[in-house]
Ligand SMILES: Nc1nc2c(ncn2[C@@H]2O[C@H](COP(=O)(O)OP(=O)(O)OP(=O)(O)O)[C@@H](O)[C@H]2O)c(=O)[nH]1
Ligand SMILES: [Mg+2]
């Protein structure tokens with residue numbers, strides 16, 4: 001009996017903000033590696049999500065949504081991060097939201113189609129479309145402008161038609177030995193995920209008051225016995241934002257702390273003692289140095 005050779009390779013997931021890139025990856029990995037929210041520009045870092053099965057190792061690259069917004073250093077950084085992810089990968093999954101084809105989608109499609117890897121057009125959020133036959137004309141509009149090797153219709157949220165998509169990606173991967181250990185799920189540290197889980201709670205709670213101007217850094221992470229002691233700083237841009245995050249008599253911050261702690265405990269599988277502080281660093285989103293200091297300097301590792 002001949003043993004089938006294992007596959008190994010990289011698949012970048014690209015698309016404009018909010019199309020469901022992180023939701024899809026979390027669904028395939030069966031773990032919340034990337035934070036998700038209904039707000040665009042949730043993902044700010046390039047994250048590797050490593051999916052090891054008996055067929056081999058599929059390494060997803062989750063990217064920040066490609067957007068049209070100009071201006072701040074953070075905005076530029078997000079686009080650069082996403083664009084750099086389209087090179088040197090075996091497969092590009094280009095995600096769009098069913099029945100939505102905007103200028104931002106076109107911009108993202110241009111980036112995706114520049115890749116020298118195989119290109120899969122993924123129509124997500126199909127669950128939202130009542131008359132499915134409309135999808136054919138929708139897809140034709142995209143295909144009039146861009147070329148793809150395969151097309152898939154999925155619902156990442158409802159876990160629909162994900163397996164055929166996964167099969168298609170594996171088909172395109174080259175044969176090779178795994179790059180990462182079998183039990184490794186990401187290239188990121190626990191501290192990174194902890195700060196992301198806190199940022200997720202901030203986005204969910206203050207999505208109107210704090211547009212994009214929050215960031216989280218971990219100041220201390222110590223394991224004493226069975227408890228993980230974590231000190232984190234929430235960075236905001238203005239004094240009034242600090243007041244919002246803390247809330248009346250510290251109530252808002254307390255709730256953020258409780259919810260974040262629960263998420264972190266679930267993620268690391270241990271008890272957590274979480275302490276949060278709020279600090280003001282004016283216009284950090286506009287300051288390239290501050291962006292580096294907060295860990296927004298992703299480099300593609302291979
Ligand atoms: N109805 C529906 N909603 C979905 C689907 N997939 C994702 N969503 C929702 O779309 C929103 C955005 O999802 P994300 O996974 O954060 O999108 P993203 O593309 O990673 O966004 P950025 O990180 O901002 O670029 C969330 O509210 C998801 O729950 C889907 O298949 N159906
Ligand atoms: Mg995302």
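Placement of Cβ uses the backbone N, Cα and C atoms for every residue, glycine included.
What TrEMBL records for this protein:
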BINDING   15-22, 62-66, 124-127  GTP binding site
REGION    15-22  region 'G1'
REGION    41-45  region 'G2'
REGION    62-65  region 'G3'
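When the binding-site residues 15, 18, 21, 63, 66, 126 are checked against ligand 2, 21 have a Cβ within less than 6 Å of one of its atoms.
Residues 12-19, 21-22, 25, 33-34, 40-41, 43-49, 78-79, 81-82, 85, 104, 108 of the same chain sit 6 or more residues outside the region 'G3' (62-65) yet have a Cβ under 8 Å from a Cβ within it. Contacts of residue 21 (GTP binding site) defined by a Cβ separation under 8 A and a same-chain sequence distance of 6+ are given as 13, 14, 15, 34, 43, 62, 63, 65, 95, in order along the sequence. Neighbour counts of Cβ atoms within 10 Å were compared across the binding-site residues 66, 126; the minimum falls on 126. Long-range Cβ neighbours of residue 18 (GTP binding site) (same chain, at least 6 residues apart, Cβ-Cβ under 8 Å): 38, 39, 40, 42, 65, 97. Reduced to three states, the DSSP call for residue 18 (GTP binding site) is coil. Among the binding-site residues 63, 66, 126, no residue has its Cβ under 6 Å from any atom of ligand 1. Per-site Cβ counts within 10 Å over the binding-site residues 15, 63 peak at 63. Residues of the region 'G2' (41-45) grouped by DSSP class, helix first, strand second and coil last, total 0 helix, 0 strand, 5 coil. Secondary structure at residue 126 (GTP binding site), taken from DSSP and collapsed to helix, strand or coil, is helix.
According to DSSP, the region 'G3' (62-65) comprises 0 helix, 1 strand, 3 coil.
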